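Structure first, commentary second.
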Amino acid sequence: MSEMLNHVASCRLPTEWGVFTMHGFEEANGQEHVALTVGNFSDGNPVLTRIHSECLTGDALFSRKCDCGPQLEAAMRAVQTEGRGIIVYLRQEGRGIGLINKIRAYHLQDQGMDTVEANLALGLPVDARDFRLAQSIYEYLGIRSVKLLTNNPEKIQTLKDAGINVVERIPLHVGENLENKRYLQTKADKLGHLMSE
């Protein structure tokens, strides 16, 4: 495969939204990532895709501090509706700072800091994720052209820089509530996320 990731195994994964094929990938350092796929990608047509970074609090514990869980659910539903697509699930918790540091950052947010201020106060990067990992997964699956479910322009640019043709950006505005309103505004104001179209 690529030097970034190796494909390890695949299996059938029935979910609330339909059946996916789950592919497991591993980095040389042992970090694991998965991709959920539906359909065949051999025709070369653009593939509906979501690059989703792990969020234990939002994806599994249903936290209302973020929009991650609703975004993952909406992406899974969209891929099943399309009948063809991929969700790349990168194990980069807390924008790459890890779960314990995310809990520390959440504590500072509880004291009034926003998500960016909290990371910086802890001496951590604002965003330490590496979206190039997705390109390795696309390469393994033969995907060269995508329709990307995202509000994050950095994901688009990273894929383009890696030679992936992003033919369309599909906004993913779901999950806003009173608890995460400031967080979403900070993503727009300080991280450049496209939140208003």
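Cβ from N, Cα, C; glycine included.
These come from Swiss-Prot:
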type	residues	note
ACT_SITE	D127	active site, proton acceptor
ACT_SITE	R129	active site, nucleophile
BINDING	R50, I51, H52, S53, E54, Q71, E93, G94, R95, T115, T150, K155	GTP binding site
BINDING	C55, C66, C68	Zn(2+) binding site
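DSSP classifies C68 (Zn(2+) binding site) as helix under the three-state reduction. For T150 (GTP binding site), applying a Cβ distance below 8 Å and a minimum sequence separation of six or more within one chain yields R50, I51, I156, R169, I170, P171, L172.
Cβ crowding, taken as the number of other Cβ atoms within 10 Å, peaks at R50 among the recorded positions R50, R95, R129. Shown in sequence order, H52, S53, C55, T57, G58, D59, G175 are the residues of the chain, 6+ apart in sequence, with a C-beta less than 8 angstroms from the C-beta of C68 (Zn(2+) binding site). Proximity note: of the listed binding-site residues (C66, E93, R95), E93, R95 have a CA within 10 Å of the CA of R129 (active site, nucleophile), given in sequence order. A distance of 12 Å separates the Cα atom of C66 (Zn(2+) binding site) from that of R95 (GTP binding site).
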